[in-house]
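Annotated active site, nucleophile per Swiss-Prot: CYS381, in sequence order. As annotated by Swiss-Prot, active site applies to HIS507, GLU509, with the evidence given as sequence analysis. Here Swiss-Prot flags SER13, LYS188, THR189, LYS190, PRO191, THR192, GLN193, LYS224 as UTP binding site, drawing on sequence analysis. Marked as CTP binding site by Swiss-Prot: SER13, ASP148, ILE149, GLU150, LYS188, THR189, LYS190, PRO191, THR192, GLN193, LYS224. Annotation source Swiss-Prot lists ATP binding site at SER14, ILE15, GLY16, LYS17, GLY18, ILE19, ASP71, citing sequence analysis. Swiss-Prot lists ASP71, GLU141 with the feature Mg(2+) binding site. The L-glutamine binding site feature in Swiss-Prot is assigned to GLY354, LEU382, GLY383, MET384, GLN385, GLU405, ARG462; the stated evidence is sequence analysis. Among the features that Swiss-Prot reports, domain 'Glutamine amidotransferase type-1' is placed at 292-534, with the record citing sequence analysis. Here Swiss-Prot flags 1-267 as region 'Amidoligase domain'.
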Amino acid sequence: MSKFVFVTGGVVSSIGKGIVAASLGRLLKSRGYSVSILKLDPYLNVDPGTMSPFQHGEVFVTEDGAETDLDLGHYERFTDTAMTRLNSVTTGSIYQAVINKERRGNYNGGTVQVIPHITGEIRERIHRVAANSNADIIITEIGGTVGDIESLPFLEAIREFKNDVNRNDVAYIHVTLLPYIKTSGEIKTKPTQHSVKELRSIGIQPDLLVCRSDKSINEALKKKLSGFCGVNINSVIEALDADSIYSVPLSLKKEGLCKETLKYLDLEDKKCDLKNWEQLIHNLRNPGDPIKVALVGKYIELGDAYLSVVEALRHACIEQRALLDLHWVSAEMIENNSAETYLNEVDAIVVPGGFGNRGVNGKISAIKFARENKIPFLGLCLGMQCAVIEWARNVANLPDASSSELDPNTPNPVIHLLPEQEDVVDLGGTMRLGVYPCRLTKNTTGKNLYDEDVIYERHRHRYEFNNYYKQSFLDSGYKISGTSPDGRLVELIELENHPYFLACQYHPEFLSRPGKPHPLFKGLIKASQDKLTQSN
């Protein structure tokens, strides 16, 4: 039977609950426990699939095709465990499910209310993850901040949850902020005291406090927090600002987070094996020469919009003992100036996914610059589509080529809508989503990188390479190095006589892990290193 850990946050938003939950998952897994982590998000959207990246950051796609919060990416990367659509719950999806049940008559004419129906549905979702994953420990992160109106149904649900299980089957962790007042030279505990008071008023007594701070917390402060918040002093956990999110599990291990959590769950504190993780941090802190990577996108004002891409680059650099020197380049700025202005000094170029017209011509110019100047290049999803358009216009003698998404009237739609998408009306959850197989072509860079005949990658798209133009592309020097098993969909393309030029229709960034970088990102960094070595 599963045990349950609930992670709440107080004082401020973006306090780091997701990293704490993911780090605890890593620590538990290092002790031999199986873990699944879910996120309860308090917004009314059914999922983040149609939300602006500027507001929400990236949409993380699970194996089974769910469009989820970016925190699920942290969960997967830290625990190396695949999550499913069950691991992402929003207020919108809860209300949708309850209203659908009411319309079907499931409540037998009863009055449908927040308590018990909404809170009951939330509890059922948590139990469903436990039943589906069969994990030893289920960690649940509650989005938002204690005191927010939006989070109240979730907090009430996790309060009720302790009545569903034995008391030693559940633990509550509260992540909070201890601000340092520079003028007085003091760390203040009052905001945390009030946050815990608010949590208690709901009926939840936290078992552990994880205290975010940029200054070390002494024993006197821990004792004060213990007394005012009703938490054992050993369960007051210091969480200092870290040089990398990947070093957080090690610092929380040192503070005893996992040990104390297991104590509340009445589980054995097994021997912890973090040798590989410690080696990862050693490599991260002792890199070799820098690699200047330009990420050419349209949402660069918010780095979280490309979170998994950045982490995948970081994983590859750690593996290759390189220092990631990331250059954020606005595709629109390239449109207004020139690619050379922004890309002349970089060692590699990445064009990630996206939607819509804005910035597309800048991306195409960046790809042309990478191709002509032999700069290692990797295109992802829309990045592949832009690479196809660039080749069609500048090499394959189709100067008016485009995508039917960008120009519905283009005479040469080298990228077109997938046939199964033609009658789709709704935007949310209707794309080609989740894991699909890709058969690799022999004697290609792609095949050599993966060293597999068939790979499985995550997708999120409506548009695809138009096979009507396949032969003209092949005749002009393009190589198709990966397709769907039936050969209908082009998944991976590359160029010969180039240090590294690959583009894929899928999203490899979602499968990259610290210590296990994705082959396409590792290949990009290695090619950049090789090119630098040759030039020196």
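Each residue, glycine too, has its Cβ placed from N, Cα and C.
Note that the structure is predicted; figures quoted are calculated from it, not measured.
Counting Cβ atoms from all protein chains shown, LYS224 (UTP binding site) has 17 others lying within 10 Å of its own Cβ. Same-chain neighbours of the ATP site beyond SER14, ILE15, GLY16, LYS17, GLY18, ILE19, ASP71, judged by a C-beta within 8 angstroms of the site's C-beta center, are, in sequence order, GLY9, VAL20, ALA21, GLU141, VAL175. Straight-line distance linking the Cα atoms of GLY354 (L-glutamine binding site) and CYS381 (active site, nucleophile), rounded to a whole number, equals 8 Å. Contacts of GLY383 (L-glutamine binding site) defined by a Cβ separation under 8 A and a same-chain sequence distance of 6+ are given as VAL350, VAL351, PRO352, GLY353, LYS363, ILE367, ALA503, in order along the sequence.
For LYS190 (UTP binding site), no same-chain residue that is 6 or more apart in sequence has a Cβ closer than 8 Å to its Cβ. The recorded positions in question are ASP71, GLU141, GLU405, GLU509, and the one with the fewest Cβ neighbours inside 10 Å is GLU405. Straight-line distance linking the Cα atoms of ILE149 (CTP binding site) and SER13 (UTP binding site), rounded to a whole number, equals 14 Å. Cβ-based neighbour count (10 Å, all protein chains) for GLN385 (L-glutamine binding site) stands at 28. Most Cβ neighbours within 10 Å among the binding-site residues ILE149, MET384: this distinction goes to MET384.
When the CA atoms are compared, the recorded positions lying within 10 A of LYS17 (ATP binding site) are GLU141, out of the candidates GLU141, THR189, GLN193, CYS381, HIS507, GLU509. In the structure shown, across all protein chains, LEU382 is the one of the recorded positions ILE15, ILE19, CYS381, LEU382 with the greatest number of other Cβ atoms within 10 Å. The binding residues for UTP are recorded as SER13, LYS188, THR189, LYS190, PRO191, THR192, GLN193, LYS224; their greatest pairwise CA distance is 24 Å. On the backbone, the CA of SER14 (ATP binding site) and the CA of MET384 (L-glutamine binding site) stand 33 Å apart.
The distance from the Cα of the residue listed as 'active site, nucleophile' to the Cα of HIS507 (active site) comes to 6 Å.
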